[in-house]
Amino acid sequence: MNVIWRNYICRLRQGKVPHRCQSGVHPAAPLGSRILTDPAKVFEHNMWDYMQWSKEEEAAARKKVEENSATRVAPEEQVDQNTKEKVEESSRDQVRSNFSRMQGTEVHCQKSCVSSDPPSKGRSNFSNLDLEEHSKGPGKTERFPGSSATFRILEVGCGAGNSVFPILNTLQNIPGSFLYCCDFAPEAVDLVKVSFSHASYSEAQCSAFIHDVCDDGLAYPFPDGILDVILLVFVLSSIHPDRMQAVVHRLSRLLKPGGMLLFRDHGRYDNAQLRFKKGRCLSENFYVRGDGTRAYFFTKGEIHHMFCEAGLHEKQNLVDHRLQVNRKKQVAMHRVWVQGKFQKPLHWTQRR
């Protein structure tokens, strides 16, 4: 996955497809090139690309989902989980307060879309003059982390930073770039910050902060309409389906006209969905794991509707079928992910 995002960032920033993005590690076979043509050789590699399901395999997967969805989480347990959510929501005020103290002053982002002239080919045309749209007063320009940058990326749900540092390594070769990364868990953000200091990254390159994407009233540490790229990777599936659309709407407001949101998450009938036991289903295609985390399994159509409803244009929306192989146990598992690229139009009208 890190290779995919590094390559895409290079193409987006340079306005072309580079021959190769430099990396210290190169895969033995390029992604997407390992095709299983002889079933007898299935256990020769750990992963096969572009797997086509037979009608029998798809029917078996559908039947398995019907079986593990037949028994839902008990109503009283769902009430307990909803109560837990409300407790978490009540703690967001404290998170907001801590965030404000950390920044020195709370950033008040505009709720209206900021329009700009079309960017030049392959490059961002954002300048500090655009910040006048976010002024706190006449002649006073708002300052925020990364305000002097010309190319900005936000990774939503950064966790402990597994993708943060490969992205930063790539951005080192892109002048004027800046990385934001956020997570709901304070412990995860603390780990990222500690890693920043150990790796000698400065505040001029990156900013990690606590944020709950489900809280539309919680300000980001930067204004709306300034991001070139948002990474939303295996995050949306953990959010309650009733809240997903609002999250996508909010993220779309952060993008600048022409900015791109890169999405990847669980697809319908992925092996992870098939492995759920009865009694773990919360609602259709939405499950709770043993540790309390949740997982939704998307179709291409659902993703298309959700992001287009937020006013973004679909540039890519595909189902990535792969066959994951455990050679030691001689087991093959179908993996299904949905991957998409959605762009904010140059002339954007905010939708509700």
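Every residue, even glycine, has its Cβ placed from backbone N, Cα and C.
Pulled from TrEMBL, these are the features on record:
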REGION    61-143  region 'Disordered'
COMPBIAS  82-95  compositional bias 'Basic and acidic residues'
COMPBIAS  112-128  compositional bias 'Polar residues'
COMPBIAS  131-143  compositional bias 'Basic and acidic residues'
DOMAIN    154-261  domain 'Methyltransferase type 12'
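Across all of the domain 'Methyltransferase type 12' (154-261), the predicted model scores a mean pLDDT of 93. Secondary structure of the domain 'Methyltransferase type 12' (154-261), assigned with DSSP and counted as helix (H, G, I), strand (E, B) and coil, comes to 38 helix, 29 strand, 41 coil.
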